[in-house]
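Q: Pulled from Swiss-Prot, these are the listed features:
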- 1-106: region 'Peripentonal hexon-tethering domain' (REGION)
- 1-24: region 'Disordered' (REGION)
- 14-24: compositional bias 'Polar residues' (COMPBIAS)
- 138-251: region 'Binding to hexon-linking protein' (REGION)
- S225: phosphoserine (MOD_RES)
- T274: phosphothreonine (MOD_RES)
- S310: phosphoserine (MOD_RES)
- 438-475: region 'Disordered' (REGION)
- S444: phosphoserine (MOD_RES)
- S449: phosphoserine (MOD_RES)
- S450: phosphoserine (MOD_RES)
- S452: phosphoserine (MOD_RES)
- S469: phosphoserine (MOD_RES)
- S473: phosphoserine (MOD_RES)
- Y490: phosphotyrosine (MOD_RES)
- S494: phosphoserine (MOD_RES)
- S515: phosphoserine (MOD_RES)
- 528-573: region 'Disordered' (REGION)
Amino acid sequence: MMQDATDPAVRAALQSQPSGLNSTDDWRQVMDRIMSLTARNPDAFRQQPQANRLSAILEAVVPARANPTHEKVLAIVNALAENRAIRPDEAGLVYDALLQRVARYNSGNVQTNLDRLVGDVREAVAQRERAQQQGNLGSMVALNAFLSTQPANVPRGQEDYTNFVSALRLMVTETPQSEVYQSGPDYFFQTSRQGLQTVNLSQAFKNLQGLWGVRAPTGDRATVSSLLTPNSRLLLLLIAPFTDSGSVSRDTYLGHLLTLYREAIGQAHVDEHTFQEITSVSRALGQEDTGSLEATLNYLLTNRRQKIPSLHSLNSEEERILRYVQQSVSLNLMRDGVTPSVALDMTARNMEPGMYASNRPFINRLMDYLHRAAAVNPEYFTNAILNPHWLPPPGFYTGGFEVPEGNDGFLWDDIDDSVFSPQPQTLLELQQREQAEAALRKESFRRPSSLSDLGAAAPRSDASSPFPSLIGSLTSTRTTRPRLLGEEEYLNNSLLQPQREKNLPPAFPNNGIESLVDKMSRWKTYAQEHRDVPGPRPPTRRQRHDRQRGLVWEDDDSADDSSVLDLGGSGNPFAHLRPRLGRMF
């Protein structure tokens, strides 16, 4: 026993034993030791902090794992002290220094080992990637050599040709178990993923050289299809999954073939449950023929019948909202006189938030449809708003809004040959109008004599004015009164006749153009208007005599009693009421 005590390892083990619990202690002693943390009051354990109680309970029930590092360091220090390498008072300092050094260098070694491990893993992954890409790198070099032999530009379909070459590069890069190599003057692409398949790239591009951008008719594509070789078809089939509808135009023949191949490859995976069900049904019916089974599968997978479109209708709540929108929009249009778009916005603002929140999709779709209808065809929008029984068309429910186009009112849009062959009733009306025009022309020929009877001294250019009697009264002398028209002249006066339509819509469809030409012909420049204004007439002999005698005021332009019925607009209109100085003497 004394020999064991002199052993540094045994002594270190004895020195490192904890002063608390041992594995050989009884549970009663363990509980007594835990409860007797306070020697004076055993019941004070429950008054200890929760962390202290929890730590003591855990350590008593499940002891901590022993770490032999400090025991080994302590054994080394005891051996050094026995061999007198260190003094006993230096044992504690050496023990602490050794523990710190072990902790420091052990952690450093762990980090170094981890760094080395990470570096080794990265190097292994890099080597694996390089080993896998050795074949693809060689294939890319061979592919670039092949593409260097091909022309960079083609006569037509340049965009399709460029996208096809890009898809070929992508296929060579991404497809595993494939390679591009040269054998003689030709280049080949070989893949062994799903069976060994080899494509002669040189012959395939030579065959496709004249087909880039070719647009074959939809009905007959057999003429173009006969130009493709099986080698070219295989290349199109292999490259189809690496293209999309935007890379190669679907209008071209090659784009159409790529689309068909892509859809066929995408639908090649048949649901096994469907296959098993059809197989079991065929066997139950006694049809063991493989051909009939394939025919059934082809019918079920390819001949899919279209479903009849469902009939849409409004429920009671949606119809109530529709009627409310119709009434509100019509009220805003008639009361405020706003535009249809503003009326719809006012209706949306005045809508109850609860009703809008519960029917938001329908209200948004309805407002969108009405806005489009108001912009495309205002007449259709007005009829839809004012019709209390109006219901949206089927396109309203599916999202494809169909609003009939509005009629712009151009008469030439509705012209046909029947317009220029008038009906008998139209001919009768034309004859009556021709007679009326002849009577008006006779009246215009007779009008200058009536002007002379009225005593008008108007210029010759004023005879064509539409108001000859008015001009005559304005330009006549102030000493004579105008003569009243007779009964026949009064009835035949052109001013009292109803306005004659210049162009009839049934017989003259370009009525708008004729009216525009008529308006433009009546336009005059400023110089023409200034030239046509009649100047002041020289005073007559009697007027000069009266002014010399001082019987007429200088600023009096219409002082005669005979000018009461004068329609002139110049001078003092009440000058005839002013007393005359000449009559007072």
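Keep in mind that glycine also has a Cβ here, set from the backbone N, Cα and C atoms.
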Q: Mean pLDDT, the region 'Peripentonal hexon-tethering domain' (1-106)?
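A: Per the prediction, mean pLDDT sits at 73 for the region 'Peripentonal hexon-tethering domain' (1-106).
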Q: Please work out the number of neighbouring Cβ atoms within 10 Å of the Cβ of S515 (phosphoserine), leaving out its own Cβ.
A: 12
Q: Could you give me three numbers for the region 'Binding to hexon-linking protein' (138-251), the DSSP helix, strand and coil residue counts?
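A: Grouping H, G, I as helix and E, B as strand yields 53 helix, 18 strand, 43 coil.
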Q: How would DSSP class S515 (phosphoserine) in three states?
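A: In the DSSP reduction, S515 (phosphoserine) maps to helix.
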